[in-house]
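A.B. asks: Structure below; questions to follow.
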């Protein structure tokens, strides 16, 4: 880890040093230099933007003031104010006009709330969070009747589980046990309120289904917890702290 931080430090120092040298180089095209910054101006260094069809002042086909085919004020074919063929203010011919454009659609707050629901703390449940939706697992219960009953009624069972952060439990079994109990309780109360009741067979199958989903949720939380711990170790190492301090010094300076 220390070697990785040192190599990253060397790489960023070399990169920022090269950028610093580039910033100090003089830019061409300024005042009293060879390159011209404006079209139509003769200079020893050449013209970076050659005139299109005689673009100087007062030319018969240029874009100057009051010319027959130019884009100045009040010309019939120019791009000035209120002209019938121009791309000026409020005209139909201007493909890049910023006026009269439809406003951008606003973000639907319901969609934002739905996207933030997974993993969010559920109010009124004492710190429980609602996991993301899962596919209901394929489970065999040991008899053709129960297997068929499960396939026909699996849509009535939960596809999300309630859980607390894994660091509040001493083992996976405790996490899964609590997850199963709170999930079945909440789902049963919600469904019963809608007028639907569960039989003993339903409860038995829900316990198996929710148990598998809670195990999956525990594995996801374990992986995320490990990744967060690895990130904290990486950013707390002395080489990385030195690198971040050096980058802040370069940006501020």
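The count begins at 1 with the first shown residue.
Each Cβ is built from the backbone N, Cα and C atoms, and glycine gets one as well.
Feature table excerpt (Swiss-Prot):
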SIGNAL    1-22  signal peptide
COMPBIAS  52-95  compositional bias 'Gly residues'
BINDING   61, 62, 63  Cu(2+) 1 binding site
REPEAT    76-83  repeat '4'
DISULFID  179-214  disulfide bond
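Describe the structural context of these features.
C.D. replies: When secondary structure is read from DSSP and collapsed to three states, residue 179 (disulfide bond) falls in the helix class.
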A.B. asks: Can you tell me how many other Cβ atoms are located within 10 Å of the Cβ belonging to residue 214 (disulfide bond)?
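C.D. replies: Neighbour count, Cβ to Cβ under the 10 Å cut-off: 24.
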A.B. asks: I'd like the number of other C-beta atoms within 10 A of the C-beta of residue 179 (disulfide bond), please.
C.D. replies: 24
